[in-house]
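Below: the structure, in C-alpha cells.
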Amino acid sequence: MKLAVVGTGYVGLVSGTCFAELGNTVICVDKIDEKVEMLKRGEIPIYEPGLKELVVSNQEKGRLTFSTDLAAAVAASDIILIAVGTPAAEDGSANMSYVYAVAEEIGEALDSSYKVVVNKSTVPVGTAEKVEEIIKEKNENAQVDVCSVPEFLREGSAVKDTFNPDRIVIGTSSKKAEEMLVALHKPLTEEIVVTDVRSSEMIKYASNAFLATKISFINEIANICDAYGADVKAVARGMGLDNRIGPKFLNAGLGYGGSCFPKDTKAIIHLAQSAGYTPELLQAVEGVNERQSFRIIEHVKGIFGTELIGLKACILGLAFKPETDDIRDAPALKIIDQLLEMGMAVKAYDPIAVENTKKVLGDRVEYGANVEETLEGTDVMILVTEWDEFVKLDPEMIKNKLNRAIVVDGRNVYEPKAMREAGFIYHGIGR
Ligand code: UDX
C-alpha cells in the first residue's frame with residue numbers, strides 16, 4: 001500500500017518506518033526542513049533501539065522517503081496517517097492546533113480520489129469527526145473517511161512494540177476503510193478490534209489512564225508499606241500472581257513521567273470535566289503521582305535533617321525511564337529542583353540524557369562523565385532511573401566513592417537487606 005505519514009516524532013517515524021519494513025511504500029512528512037534532511041542522511045533525531053538500521057535499510061530499498069511536501073505525499077498515497085503532537089495546553093486539555101492545521105492542509109491537497117485518513121495521535125473523543133469536517137470544509141469534493149487507529153508503543157521499545165502489538169484498534173464506520181486498515185495491520189497481529197471512532201479514541205485514553213492508575217495504586221501501597229515496615233516488592237509479587245491483577249505496571253517508584261501518561265491523564269480528566277462529570281478516581285491518580293517523587297526528598301530530610309547547605313547529592317538517571325534520552329516530565333527534574341531549593345548541590349549522570357538535561361537545567365547542576373566520577377565526593381547517591389548499568393553497580397565501589405555510604409533507591413533495584421549488611425544507610429520506596 002501507499003502511505004503518507006504526517007509528523008516524524010516518535011509515533012510517526014516509528015510507525016512509518018515499520019510499515020515500510022512490511023513492504024509498503026511510505027512517505028514521511030515533516031514541516032521542519034532540517035529534520036527531514038537529517039532523516040534523509042539516516043540520522044535519527046530520537047534515541048530508539050533498532051530504529052536507525054530500519055530507516056537506513058528501507059531508504060536504500062526505496063520504500064521509505066522523507067519530504068516536507070505534504071501535498072505531494074497526500075496525492076501519492078491511499079492512506080494518510082496523522083501523527084503530529086497533541087501537547088498539553090495550559091488547562092490540561094490536549095492542544096489540537098497541529099492536528100487541525102494538518103487536516104486543513106490535507107483538505108487543500110486532496111483531489112476527488114478516495115483516501116483514508118487515520119488519526120494516530122492521542123486525541124480527544126470526537127476528533128476524527130472534527131478532522132473530517134475540516135477536510136470537507138476545505139474541499140467539498142474530498143472522498144475521504146477519517147478513522148482512528150491509536151498507537152500504544154512505548155519509548156525505548158517502540159520498534160519491538162510496533163511489530164508485536166498486543167492488539168490493534170481500528171475505529172471506523174466505513175466498510176471500505178475498515179478493509180484497507182485491516183489489510184494494512186494484518187501482518188502485525190490477528191488481534192484486531194474494529195469499533196466506532198469515538199470508542200476507539202476512548203480506548204487510547206482509557207488504556208493509558210488505567211496503566212497510570214496501576215502505577216499510582218502501587219505507589220500508594222508502597223507509601224503505606226513504608227509506614228508499617230512491609231516490602232512493596234513482595235506485596236506486588238503476591239498481588240500480581242492473581243491473573244485478574246497481573247504482574248505488570250506494579251513497580252513502585254517515583255511516579256510515572258514521560259510524554260504520555262502525565263499529559264493523557266490530564267487530558268481525560270479535562271474531557272470528563274468538560275462534559276460536566278467529575279472523574280474523582282483519575283484526579284486522585286494524578287494527585288498521588290504529583291506527590292510521589294517527593295518521597296525522595298522526605299528520605300533525604302530524614303537522613304540529614306533540614307540543614308542541607310554544603311551537602312552534595314549524586315543523581316543517577318535523568319531520563320524518565322531507561323533506554324530513552326527523553327526527559328519530558330521526568331521525575332529527576334522535579335527532584336533536582338527541590339534539592340537545589342533546599343540548598344544542596346547536585347552532580348548528575350545519565351548514559352544518554354545529559355545533553356537534553358543541559359538544555360533545561362544548564363549549569364545549575366554539575367554533570368559527571370560516568371558513574372564513578374559522578375559519585376566521587378558526594379554525600380548521598382539517589383537512583384532515579386533504573387538503567388541496567390546502575391542496577392549492576394558494585395556496592396564496594398559506591399561506598400569508596402561516596403563521602404558517606406548512603407543510598408536512596410527511587411526504583412527499588414537493590415536489595416535492602418544486602419545493602420544494609422554492606423554498611424549502607426539505605427532507603428527504597430515502600431521497603
Ligand atoms: C506509555 C504507554 O505504555 C504506551 O502504551 C503509550 O503509547 C505511551 O505511554 P511510555 O511513556 O513510553 O509508554 O513508557 P512506559 O514504559 O509505559 O512508562 C511510563 C512511566 O511509568 C515511566 O515513567 C515509568 O518509569 C513508569 N512506570 C511504569 C512505573 O513507575 N512503574 C511501572 O510499573 C511501570
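Glycine too: its Cβ is placed from the backbone N, Cα and C atoms.
Automatic prediction, not curation, is the source of TrEMBL annotations.
Glu155 is the only one of Glu155, Glu290, Glu298, Glu366 that TrEMBL places in the NAD(+) site (with Asp30, Lys35, Thr86, Thr122, Lys263, Arg328). TrEMBL annotates Phe152, Leu153, Arg154, Glu155, Lys204, Phe249, Leu250, Asn251, Ala252, Gly253, Gly257 as substrate-binding residues; of Lys312, Lys321, Lys347, the candidate listed for that same site is Lys321. When the binding-site residues Asp30, Thr86, Glu155 are screened for a C-alpha within 10 angstroms of the C-alpha of Gly257 (substrate binding site), no residue qualifies.
Assigned with DSSP, the residues of the domain 'UDP-glucose/GDP-mannose dehydrogenase C-terminal' (314-416) fall into helix, strand and coil as follows: 39 helix, 18 strand, 46 coil.
Its Cβ taken as reference, Glu155 (NAD(+) binding site) is surrounded by 23 other Cβ atoms within 10 Å in the chains shown. In sequence order, Lys214, Ile218, Ala236, Met239, Gly240 make up the list of same-chain residues 6 or more apart from Leu250 (substrate binding site) whose Cβ falls under 8 Å from its Cβ. The closest partner of Asp30 (NAD(+) binding site) among the binding-site residues, by CA position, is Phe152; the full candidate set was Phe152, Lys204, Ala252. Of all the recorded positions listed here (Lys35, Thr122, Cys260, Arg328), Cys260 has the Cα closest to the Cα of Arg154 (substrate binding site).
Around Thr122 (NAD(+) binding site), the same-chain residues at least 6 positions away in sequence with a Cβ under 8 Å from its Cβ are Thr86, Ala94, Pro150, Glu151, Lys204, Tyr205, Asn208, Cys260, Lys263, Asp264, Ala267.
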